[in-house]
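Asker: Here it is, the structure, as structure tokens.
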Amino acid sequence: MSTIKPSPSNNNLKVRSRPRRKSSIGKIDLGDTVPSLGTMFETKESKTAAKRRMQRLSEATKNDSDLVKKIWFSFREISYRHAWIAPLMILIAVYSAYFTSGNTTKTNVLHRFVAVSYQIGDTNAYGKGINDLCFVFYYMIFFTFLREFLMDVVIRPFAIRLHVTSKHRIKRIMEQMYAIFYTGVSGPFGIYCMYHSDLWFFNTKAMYRTYPDFTNPFLFKVFYLGQAAFWAQQACILVLQLEKPRKDHNELTFHHIVTLLLIWSSYVFHFTKMGLPIYITMDVSDFLLSFSKTLNYLDSGLAFFSFAIFVVAWIYLRHYINLKILWSVLTQFRTEGNYVLNFATQQYKCWISLPIVFVLIGALQLVNLYWLFLIFRVLYRILWRGILKDDRSDSESDEESDESSTTPTDSTPTKKDI
């Protein structure tokens, strides 16, 4: 006769803890933010290389040659851990050579790197030329330093002091808070330039009325070239693929290609008055997006309210204003200002440039419409279905899964609508 065995105690059962629910806002794959050197995904290869470097540093020094090699490996290891050190050394070297030379005029070869060139006499007007590329290149290095320094020295400790323990969240907060810092400066800077011009408030007729704009005011040129440096630096990080691509990697890459084409063509062919309003629409909306994401990562109760404001601003700036500019290409491009092709006088506002301008701005609008679709999907999930499943990138999912394998999960589920 078979005996019935008692069931094991519930204390011995392995209860699979329910993962903590996440909000969609912080991980929705949209926007212009590109991962940095300091937040890139650590692959097995990079971890193995780091172990090799540490082994070399632990080896005994037998002669001067070994000592030099150890110093070099020490510098490389520090630079890998703190990516802002190498660009800082370049900046210090150039600035030191420039200011200690006793010649801070345009005759100094370093002047074209540290300051804007082509000032017209003693006026506030600045022309354009090949030296502007030197300025853009140098400030690409500056933005590399600025981003890595702020994220490593300022934002990371700040996030830890706010009791953020997840390595993944700290990295995402670092990226978004730097975006808040940059767009929080560039957005008002661009609005200031627009306010002190005839472009206020997104006056489309003024974009064409004075064409060709061979010169720009000092602050206008600093803003324009600074933006070019910022976007070029981001594009380099994106091209190098230092981060595992997110789901909208192709759209993000396409967005950067179109943006850089717009920057280059508008500057070279004297359409800078068209570029300024587009810069502003991107910066202000990006500021609100990053602010909403940061509040979401910090589990703030204001995250949904902030996200709602962002959605309204995104639709107004990236769609209404940009479509208004796109419509002006069809209606005002021909009628306002000169409309003639003349290579001798650099007159390029003509029947050839019209479709090119329209296609580039239209391509930018298509990417923004795709991201708007993702935004509406998030709103639908939150408001109607209550589903908080993420549209996150592979890198984010993998990183969180790696983290969860080494850290205990919270067995008590928490509901977060935003």
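Including glycine, each Cβ sits where the backbone N, Cα and C put it.
What Swiss-Prot shows for this protein is this:
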DOMAIN    168-385  domain 'TLC'
CARBOHYD  N103  N-linked glycosylation site
TOPO_DOM  2-81  topological domain 'Cytoplasmic'
TOPO_DOM  103-130  topological domain 'Lumenal'
TOPO_DOM  156-172  topological domain 'Cytoplasmic'
TOPO_DOM  195-217  topological domain 'Lumenal'
TOPO_DOM  241-249  topological domain 'Cytoplasmic'
TOPO_DOM  269-273  topological domain 'Lumenal'
TOPO_DOM  296-305  topological domain 'Cytoplasmic'
TOPO_DOM  335-353  topological domain 'Lumenal'
TOPO_DOM  383-418  topological domain 'Cytoplasmic'
Asker: Determine which residues of the chain contact the topological domain 'Lumenal' (269-273) at the Cβ level, with the cut-off under 8 Å and only residues 6 or more beyond its ends counted.
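Answerer: Same-chain contacts beyond the ends: 197, 199, 206-208, 210-214, 216, 220, 224, 346, 348-349, 353, 357.
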Asker: Can you count helix, strand and coil residues in the topological domain 'Lumenal' (195-217) using DSSP?
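Answerer: The topological domain 'Lumenal' (195-217) comes out at 6 helix, 2 strand, 15 coil.
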Asker: Take the topological domain 'Lumenal' (103-130) and count its residues per DSSP category (helix H/G/I, strand E/B, coil), listing them in that order.
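Answerer: So the topological domain 'Lumenal' (103-130) is made up of 4 helix, 3 strand, 21 coil.
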Asker: For the topological domain 'Lumenal' (195-217), what are the same-chain contacts with Cβ under 8 Å, counting residues 6+ beyond its ends?
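Answerer: Long-range Cβ neighbours of the topological domain 'Lumenal' (195-217): 120, 124-128, 224, 269-274, 276-277, 321, 324-325, 328, 332-333, 336-338, 345-349.
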Asker: Which numbers of helix, strand and coil residues does DSSP report for the topological domain 'Lumenal' (269-273)?
Answerer: 2 helix, 0 strand, 3 coil
Asker: Just to confirm my parser: what is the rounded mean pLDDT across the topological domain 'Cytoplasmic' (2-81)?
Answerer: 58
Asker: What is the number of other Cβ atoms found within 10 Å of the Cβ of N103 (N-linked glycosylation site)?
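Answerer: A count of 13.
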Asker: Any residues 6+ beyond the ends of the topological domain 'Lumenal' (103-130) with a Cβ under 8 Å from its own?
Answerer: 94-95, 97, 137-138, 214-218, 221-222, 225, 267-268
